[in-house]
Every structure is written in C-alpha cells, then in structure tokens.
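Chemist: Take this structure, written in structure tokens, and hold onto it; I'll ask about it next.
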Amino acid sequence: MAVRWELLRRDPASAARLGRLHTPRGVIETPVFMPVGTQATVKTLNPEEVWDLGARIILSNTYHLYLRPGHDLVQEAGGLHRFMNWKGAVLTDSGGFQVFSLADLRKITEEGVQFRSHIDGSTHFLSPEKAIAVENALGADIIMAFDECTPWPCDYDYAKRSIERTARWAARCKAAHARPDEQALFGIVQGSTFADLRRQSAEEIVALDFPGYGIGGLSVGEPKELMHEMLEVQVPLLPDDRPRYLMGVGSPEDLVEGVWRGVDMFDCVLPTRIARHGTVFVPDGKMTVRNAEFARDFLPIQEGCDCYACRNFSRAYIRHLLKADEMLGLRLCSIHNLRFLVRLMEEIRAALAAGTFAEYRKAFLERWHAGEAERRERARAAGGAGHAPGPAEPLLPENR
C-alpha cells in the first residue's frame, strides 16, 4: 500500500484522533493542514520556505496542471516532486471541483464532463479514466477520485443523482488506477447538506475500499452549523483505520472544529489568498495590517510567533510594503498565515497527546470568536469594513 495511516491516540472527549500518515516521502503527523500549491507552487513562497514553516505535504491542482503546462510535460520532468523541487509529500485533487465550478462552461454526461478552458476557451473532456491518467502522470503520493461537487444550495433530487454518479465514477477511477503501489487513491464522499444522502454516499464509497477518504461538497457557502452537522453524520461512517480529509477547509476555527469531529487532513487557499489583501491570522481573529491603524504600530504581526515575518518585521513596515505594492509584503503575510495554521495543528496534536484537546478547543474558540466580534463592532462604529480581505476574487484560477 502506497500510504498507510496509523492511529496513535483517541481523544476521550470527542471524535478527534492523533495519528501518523506513512507516505513514500516520509511520515506526516496528523491532524495536518496542507498548504495549497495550485500551479505546483505555493503562491509567493519557494519550496524551502514552505518546508521551513513545518509543512510536510502540499496540494496541487490537477485541473490547472492538465491545462498548463500539461501532465505529459510534468511527467517528462520526472513528476511533480522533481518539477517543483519539493522533498515532501504531494496530494493532487482530481479537478472535479474546478470543472464543476465552470457552470457556464461545462456539460455533464455519464461518461464525464466536457468543459472549456478558463485560459483560452479550448474544449476538453475529463472522464474518471482521464482524470486518473493525468494524476498518474503527475505522480503525487496521494491522488483523489474524480467526483461531482454540487453547489449550495442544491436540489435534493439533483444531489441524489450526483452522489450515485460519483459512486459509479469512483469505481471507474479505481479500475483505471495504474500505479496503486506508488500512489494512494482516495475516494470522495458527497451528499450536499442532506443527512440521508451523506449516509448513502459514505456507504457506497466505503464499499469500494479506498486507503483514505475525502469529504467533499462542504464549505461551499452553507452555514457552518450545517457543515458541522454533516460531518457529525458522515465521519463516523468512514473506516476508523483510514485517514479522513475535509477538502477545501482552512479557516482556523474550522480546523479546530473539524478535528473535534474526527477529521485528519485539511487544505485551503485561504491563508495565501487573504494574505494578498494584507489580512493575517492572529489568536483573536483576523487582522488587516494594511489598515491605517497600523501605520505606526511597531509590534510584530503576532507577539511570540516564531515565523520569519514576526521575528524580523513590524506591522508598520509590512503595511508600508502592502501600500507600496511591494511583493515582500504579500510574502510576509503568506509566511505568517501558513505558519499560523501549521503551528495550530502542532498545538492541536500536542493537546491530543496530552489528553487536553477539549480545554484547548474551548480556549481557542472563545478567544477567536471574541476577537472577531470586537473587530466587527469596531468596524461598525467606524463605518468601515473591518478585516474584510478586499474585493472578491474569481473562483478561478485559484479556487480553493
């Protein structure tokens, strides 16, 4: 088996688990957050910087790499690891989320999805077999089955047809997988926000016996309470001895709540996306350092943080860089945000090892939500936007 997950300890107060993911490129402690390198690069950072942050596994995007530079070229270069000079593990998604986000540019059939490239408008067809062939060529350690990701809100009948198609596609992905001894193929469970469909999808996908399972179709606009409810329905139905991966989720509070409900792996572009607008994570919420209040603030982004940005620069300096459109400002905010999430997972793992995760979760969420509420109140009083990350970006090219 290309990847094996090892259970180390169960949390006595929740569904959380402490574990290890054994991969061809080393052991990864779980729960883990995976930085996203959509185009075979984590935006604004080089691989050594990502490694130094403590990341040991990153995600790359099949859809984007298929369109540019092409999976054949990546394979010719020796695979993703050599192409991007990354010594850790890599997970590739199947491209399903991106293709299904192209609502006006794609057509779904039982065979697969025809879509037009967001780059040049060229027409392409992605089937389960094609997606797996692309992922086999890219050479990641963990690859994801091709699934249909439904939007929110979603009609019940459509969601039901979708999970049944996803199950059929998952079986085709498994049959097409040409490198099972080198790459672990994870199945993906869906079901929108319908509890019975979440149960049905889990039953159908688990029956195919994958070495790990992605949980898809959440964090697509639904209220957080609904996401938590769906996790509580679906996660217990996934095999206890396999890793569980909540796809596209990466806000600090969602990581804590996901771990509480038994999730082992997470990914999201959020830390680098908001960094490009000067928004950073701190223990009491999100803070936008490009705001005028930080013009003469000579403290680090977060006192006590061990990241390169906080060890060397002040909020005032980083604000200056952002206002001057200097790339270093974006890099420093990205470094801090990624280190914040990697360290958060380190703290969660330490709390799980000590049997104190319930106390850690309570303290973290109380401080986080209190800080967020205070910033919203200050923003309302000032008639401003608070810590809003800036103008909305299109879903592509960077998506989740």
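Glycine is no exception: its Cβ is also placed from the backbone N, Cα and C atoms.
Pulled from Swiss-Prot, these are the listed features:
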type	residues	note
ACT_SITE	ASP93	active site, proton acceptor
BINDING	ASP93, SER94, GLY95, GLY96, PHE97, ASP147, GLN190, GLY217	substrate binding site
REGION	248-254	region 'RNA binding'
ACT_SITE	ASP267	active site, nucleophile
REGION	272-276	region 'RNA binding'
BINDING	CYS305, CYS307, CYS310, HIS336	Zn(2+) binding site
Chemist: Around the Zn(2+) site recorded as CYS305, CYS307, CYS310, HIS336, what other same-chain residues have a C-beta within 8 angstroms of the site's C-beta center?
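Modeler: Those within range, site residues removed, are PRO300, ILE301, GLN302, ASP306, TYR308, ALA309, ARG311, ILE335, ARG339, PHE340.
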Chemist: What is the number of residues in the region 'RNA binding' (248-254) that are helix, strand and coil, as DSSP sees it?
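Modeler: Going by DSSP assignments, the region 'RNA binding' (248-254) contains 3 helix, 0 strand, 4 coil.
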Chemist: Helix, strand or coil for the residue listed as 'active site, nucleophile'? Use DSSP.
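Modeler: Where the residue listed as 'active site, nucleophile' sits, the three-state DSSP reduction gives strand.
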Chemist: Have a look at the binding-site residues CYS305, CYS307, CYS310, HIS336 and say which one has the shortest Cα distance to SER94 (substrate binding site).
Modeler: HIS336
Chemist: Check the Cα-Cα distances from GLY96 (substrate binding site) to the recorded positions ASP267, CYS305, CYS307, CYS310, HIS336 and tell me which is shortest.
Modeler: ASP267
Chemist: Which of these recorded positions has the least crowded Cβ, counting other Cβ atoms within 10 Å: ASP93, ASP147, ASP267?
Modeler: ASP267
Chemist: Could you give the number of helix, strand and coil residues in the region 'RNA binding' (272-276) as assigned by DSSP?
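Modeler: Counting residues per DSSP class in the region 'RNA binding' (272-276), I get 4 helix, 0 strand, 1 coil.
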